[in-house]
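Here's what TrEMBL has on this protein:
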type   : residues  : note
REPEAT : A:94-128  : repeat 'PPR'
REPEAT : A:207-237 : repeat 'PPR'
REPEAT : A:238-272 : repeat 'PPR'
REPEAT : A:343-373 : repeat 'PPR'
REPEAT : A:374-408 : repeat 'PPR'
REPEAT : A:475-509 : repeat 'PPR'
REPEAT : A:612-646 : repeat 'PPR'
DOMAIN : A:690-782 : domain 'DYW'
Amino acid sequence: MGNRYLAQLTHTSLARAVHAHIVTSGFKSFPLIINRLIDHYCKSSNIPYARHLFDKIPKPDIVATTTLLSAYSVAGNIKLAHQLFKVTPLTIRDTVSYNAMITAFSHSHDGHAALQLFIQMKRLGFVPDPFTFSSVLGALSLIADEERHCQQLHCEVVKRGVLSVPSVLNALMSCYVCCASSPLVDSCLLMAAARKLFDEASTSLRDEPSWTTIIAGYVRNGDLVAARKLLDGMTNHIAVAWNAMISGYVHRGFYEEAFDLLRRMHSLGIQLDEYTYTSVISAASNAGLFYIGSQVHAYVLRTVVKPSQHFVLSVNNALITFYTKCGKLVEAKRIFDKMPVKDLVSWNAILSGYVNARCIEEANTIFREMPERSLLTWTVMISGLAQNGFGEEGLKLFNQMKLEGLDPCDYAYAGAIASCSVLGSLDNGQQLHSQIIRLGHDSSLSVGNALITMYARCGLVEAADTVFLTMPYVDSVSWNAMIAALAQHGHGVRAIQLYEQMLKEDILPDRITFLTILSACSHAGLVKEGRHYFDTMRAHYGITPEEDHYSRLIDLFCRAGMFSEAKTVTESMPFEPSAPIWEALLSGCRIHGNMELGIKAAEQLLKLLPQQDGTYISLSNMYATLGQWDEVARVRKLMRERGVKKEPGCSWIEVENMVHVFLVDDAVHPEVHAVYKYLEQLVHEMRKLGYVPDTKYVLHDMESEQKENALSTHSEKLAVVYGIMKIPLGATIRVFKNLRICGDCHNAFKFISKVVDREIIVRDRKRFHHFRNGECSCGNYW
DNA sequence: ATAGGGTTAG
């Protein structure tokens, strides 16, 4: 019995039999045989048992150590690999075991540790071989961000004469390619260096990885044309290179080119694999091409007979994303549930599917059930909570993430900041901002965009502007966020100016830009401008106005009292008026007292959104104004019968990093008596300046009507008064309300701002009101 | 016993 026989061992049962024989017969175990057994157990993923055997050897040799070390490395257990290496005496280390350890570091993305070890081995007199260079160059690819890093090892490779080893050549090319994507270098220069290596290598040296490396290099650095030229010049068709090209097209949004390459691959008879499929499925997801995606799905099911585990995993992962992006959550979940093996990507894909579909309950369940989580998992969940209005939960999760010892990435910070936007928590937002600066995340695009929105939603438009102006890179999201910030704070003209500047800088507006600019015009009463922008949408930018664009246009006309124009638009729209259209009509009618149209709009809304509380209240108020009390009774009865609950109004204010919440006629807040008392004093002063409480708003409020008096105190008044009492003189009062601000409160705040000579900012569901010196920025237009 | 190329989740 010898090594030759054991080399053919493929079954654990056989290995066990041999092993048992060794043990029972007292057979003196030769290192060769034990090493074979260790190797076997490693390969059959039973590393703990391999380790058990290893520990029994009185004096493990280099081969046994290296075998085990590589097994740890492949399994991703860098800690155990490094431990094993550290306890190995120098006498039983050699170049091979150093190579294995360098590779282990490299595969665990620790380029610096790998490089350190390379330096150490040379200092100790071990001679690097081609394997060493391939490994250490692989590690350098992870960290090289300056040309000289690549050049240093390049020199050493040349001196040692190993540039003629394909794996070394390829790894060196990879180094230049990776370094080229660092923001600190001239990427063309580094790509030229990689290309020179490629061109100067003899044809026989260039193997499939060489071609793929240079093609993928061009793809990664955005030169799709150069990549394509090389691909077209190849005589042998390597699927890997084609896959790199396809994924390049997909990443840059050239979906047609990607599908075209797929068809060519197919007709040339190149074997399509999981990498091809994942890329084209992702193309179908991003381009929203449901038909093509499901065709690919069907084709895979029909043609792939015996898919490997890796194939099943990656293709299904891509399909989960595809189906969620097409809004087919059920199909996505079906695939997810049926998968025999799931990995982190599968879990993250289904999680973000639920989050994007705003199914936050389901997302929470998935998040809890996940067997493991990555930074991405936390980030998806945190920003998902924020996007769905769960600011408090978002911040909580962010803190929990830190408690678990994870370092949040810039996206996670963006999610936390978005949570602050929801809450209007400036204190938390500013603290996060300073952490971000300390950590150097402040150049991140997503962080910048989140900060713009956060400062704007906390009432500090100018701080938002500062962030916008100091961001190193901006995208259309940044412009949209800043335009929206100005619009919400009533700076309609500035919003338009910024939009015009955006056009001057050749940034293409998207559908969101138009939603924003239309709201800006609407808030500021800029009818002519709004109509103009609406017309340019299709004419200049080829963006077909959708329902929400129309509803904003109608809103623009209605607010200005131009009901006949609004009617014309409604009738000429390519679709039937839906809820947002009626809502726009209704709110315009409310401002201008157009009862006839208002009642019609509200009755329509009642049919479309029977659970929306505001409609019943508006409708009953309008009937009440007209004195049609039987109609009032009918609407109320309807509301009761349908079990529609009025969303309770609440307002909050942040004082010294604490959020204080107030309800209508609040009796819960510990200092509420002092608040009422101070409010009384204020009203006394306000009356002297001409303030008359408007009971209309109270009378028509169905909830307070039961109290049969007109003295109900709205939550926003309590919060503002509390702020005046607690916030240092001169500092702005910032109050947030979940619903729209009440008309009497709006009027009262104008007087209060004059009486106490302070700026008061109120954020309601729709926009901001800046009260200063008896005036409001909204111009009574909201 | 050790090395180099392509994919999917924000």
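Glycine too: its Cβ is placed from the backbone N, Cα and C atoms.
Unlike curated entries, TrEMBL annotations are predicted automatically.
When the repeat 'PPR' (A:238-272) is classified with DSSP, helix, strand and coil residues number 26 helix, 0 strand, 9 coil. Across the repeat 'PPR' (A:207-237), DSSP classifies residues as 22 helix, 0 strand, 9 coil. Same-chain residues lying 6+ beyond the ends of the repeat 'PPR' (A:207-237) with a Cβ under 8 Å from its Cβ atoms: 166-167, 169-170, 173-174, 176-177, 180-181, 187, 191, 194-195, 198, 201, 244-245, 247-249, 252, 254, 265, 268, 270. The DSSP breakdown of the repeat 'PPR' (A:374-408) into helical (H, G, I), extended (E, B) and coil residues amounts to 26 helix, 0 strand, 9 coil. Beyond the ends of the repeat 'PPR' (A:475-509), by six or more residues, the same chain brings 445, 448-449, 452-453, 455-457, 459, 461, 464-465, 468, 516-517, 519-521, 523-526, 529, 533, 541, 543, 767-768, 770, 777-779 to within a C-beta distance below 8 angstroms of the stretch. The repeat 'PPR' (A:343-373) scores a mean pLDDT of 95 in the predicted structure.
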